[in-house]
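Asker: Straight from TrEMBL, here's the annotation block:
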- H112, H114, E119, H160: Mn(2+) binding site (BINDING)
- H114, E119: oxalate binding site (BINDING)
- C37-C52: disulfide bond (DISULFID)
- 66-212: domain 'Cupin type-1' (DOMAIN)
- 1-27: signal peptide (SIGNAL)
Amino acid sequence: SRRLAMAAAMLLLVLTVVALGSGHVAAFDPNPLQDFCVADPTSKVHENGLACKDPAAVVADDFLFGGLDKPGGTTSKRFGFTAHPVQIPGLNTLGESHVRLDVAPGGVFPVHYHPRAAETALVLEGSVYFGFVSSYPDNKLYAKVLRKGDVFAVPQGLVHFLYNNGSAPATLYASLSSQNPGLVLLGNALFAGALPDELLAKTLLTDAHTVETIKANFRRS
């Protein structure tokens, strides 16, 4: 009947709207609405990302980052790595970020995850043991020894690590699928914060004394 056909059409319309809405909510970094939006660090406008520079003032250097042939940036003596972010103003709003990692022999980029990004890492020099762990309840390890020229991918939000278990320094170039991927170091999240010892002891199936001993290690500079 006509009434049944109208009801079916209305149901189809509702389902279509819900599907489109769900796809929008699932997106993380928004799609750009112009060719580029070069970041303007002097702007006081607060938005999801950095404000755009006047297109008339954009130059080729806004899309360039030099000096990545050498280590730099943030150094972690505790873990034995150096991270050199690739800061290109022209990547603003384009949903990606990049970093050079240098890892000393025996050094690690400790167990961590990026809540807003998948990652691919290319080994430029040396070799590393690199991998990730699937989510609960499987907790399956996917890991390989990577050598120069190898690329490894890590799905978004999964715990991963790299370990230079060789005798030579290693260099990697990592690309992440978000302008602001976030970084959660699991050891720091558990032991460098204010979580109660009793809670951690129960979570880790150990005792409060062991928890306090580990926390003391994280408090050392």
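Every residue gets a Cβ built from N, Cα and C, even glycine.
Quick caveat, the model's predicted, so the values are computed rather than measured.
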Asker: Calculate the distance in Å between the alpha carbons (Cα) of H112 (Mn(2+) binding site) and C52 (disulfide bond), and round it to a whole number.
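Answerer: Given the Cα positions, H112 (Mn(2+) binding site) is 32 Å from C52 (disulfide bond).
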Asker: Cα-Cα, whole number of Å: H114 (Mn(2+) binding site) versus C52 (disulfide bond)?
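Answerer: One finds 26 Å between the Cα atoms of these residues.
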Asker: Can you list, in sequence order, the residues of the same chain other than H112, H114, E119, H160 whose CB lies within 8 Å of the CB centroid of the Mn(2+) site?
Answerer: Y113, A117, F132, V154, L158, V159, L176, P181, L183
Asker: To the nearest whole angstrom, what is the C-alpha distance linking C37 (disulfide bond) and E119 (Mn(2+) binding site)?
Answerer: 23
Asker: Quick check for the class: what is the C-alpha distance, in angstrom and rounded, between H160 (Mn(2+) binding site) and C52 (disulfide bond)?
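Answerer: Each residue's Cα considered, H160 (Mn(2+) binding site) and C52 (disulfide bond) end up 34 Å apart.
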Asker: Relative to the Cβ of E119 (Mn(2+) binding site), which residues of the same chain, six or more apart in sequence, are found under 8 Å away?
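Answerer: In sequence order, A153, V154, H160, A174, S175, L176, S177, P181 meet the Cβ cut-off.
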Asker: Taking every residue in the domain 'Cupin type-1' (66-212), what is their average pLDDT?
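Answerer: Residues in the domain 'Cupin type-1' (66-212) carry a mean pLDDT of 96 in this prediction.
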Asker: Quick one, of the binding-site residues H112, H114, H160, which Cβ has the fewest other Cβ within 10 Å?
Answerer: H112
Asker: What residues, ordered by sequence, lie under 8 A Cβ-to-Cβ from C52 (disulfide bond) and sit at least six positions away in the same chain?
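Answerer: Set apart from C52 (disulfide bond) by at least 6 residues yet with Cβ under 8 Å, we have Q34, C37, V38, A39, D40, N92, T93.
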Asker: Please work out the helix, strand and coil residue numbers for the domain 'Cupin type-1' (66-212) from the DSSP assignment.
Answerer: 21 helix, 61 strand, 65 coil
